[in-house]
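Here's the structure, in structure tokens; my notes come after.
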């Protein structure tokens, strides 16, 4: 009897044959599972790690957040610890410098004895911002009616520019008496002639001198003398007394009153001896 026949005879008389076959099958299954698992690991090792996985892994390593440590803390302590460990990059920075590279500086032009000043808003403003810019310029120009802008002090504050100056009010009762002469015997009066100023008595109506010319003497090079009269500022006697019911101390005082009434006093006193 050959060996195969002997094996069959032995197996036929083996009491634990079923159990042995089951153990053999389970052993074979475990061997195949281990083989497939080892094969999968080897295949994964040959493939490069995806870029998104690398970025996520590196970003986690950049933070000080320690999940293992936080699990040991109370809920309140976890919140405090988490706030302490927030990355600096998450903080919002509002201090962003803004520059207008295409901004055009103001341009002063002169044509035929007239001057013009062109102002240009910064490029890139919205429609609302442009309107706000225009209203700011208009407000500055409007303020020149009440003071001399050239005499104002500019305060450069942290959040604004502030102009400070002496307010000019057209108060007729406080008109400054002229120290310059006005001579009645001459048809032309000067604001810079020697002698005491002409005092007007109660019987003399200053408006009777409405057509009398008064010469304003220039005090700046390049500015010519100018002659003015009351009718340059007032259209009628009623208008004259409606502006200043108390009248003026002299003819030059009335001229100064007219300059203030027309909002020209600040400009005139910069150019002429009043």
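The backbone N, Cα and C atoms fix where each Cβ goes, and this holds for glycine too.
From a predicted model like this one, the values you see are computed outputs, not experimental measurements.
Under the heading compositional bias 'Acidic residues', Swiss-Prot lists 54-65.
According to Swiss-Prot, the phosphotyrosine annotation covers 14, on the basis of similarity to another entry.
Positions annotated as phosphoserine by Swiss-Prot, on the basis of experimental evidence: 59 (among others).
Feature annotation from Swiss-Prot assigns phosphoserine to 61 (among others); the stated evidence is experimental evidence.
Residue 236 (phosphoserine) carries neither a helix nor a strand DSSP state and counts as coil. Residues annotated as phosphoserine in Swiss-Prot: 236 (among others).
Marked as phosphoserine by Swiss-Prot on the basis of similarity to another entry: 242 (among others). When secondary structure is read from DSSP and collapsed to three states, residue 242 (phosphoserine) falls in the helix class.
Per Swiss-Prot, region 'Disordered' is recorded for 22-65 (among others).
Feature annotation from Swiss-Prot assigns region 'Oligomerization' to 104-165; the stated evidence is similarity to another entry.
What Swiss-Prot lists as region 'Disordered' is 170-196 (among others).
Other C-beta atoms found within 10 angstroms of the C-beta of residue 133 (site 'Involved in oligomerization') number 15, with every protein chain shown included. If you look up Swiss-Prot, you'll see 133 (among others) marked as site 'Involved in oligomerization'.
Here Swiss-Prot flags 136 (among others) as site 'Involved in oligomerization'. The 10 Å shell around the Cβ of residue 136 (site 'Involved in oligomerization') contains 10 further Cβ atoms across the protein chains shown. Reduced to three states, the DSSP call for residue 136 (site 'Involved in oligomerization') is helix.
The number of other Cβ atoms within 10 Å of the Cβ belonging to residue 242 (phosphoserine), over all protein chains shown, comes to 10.
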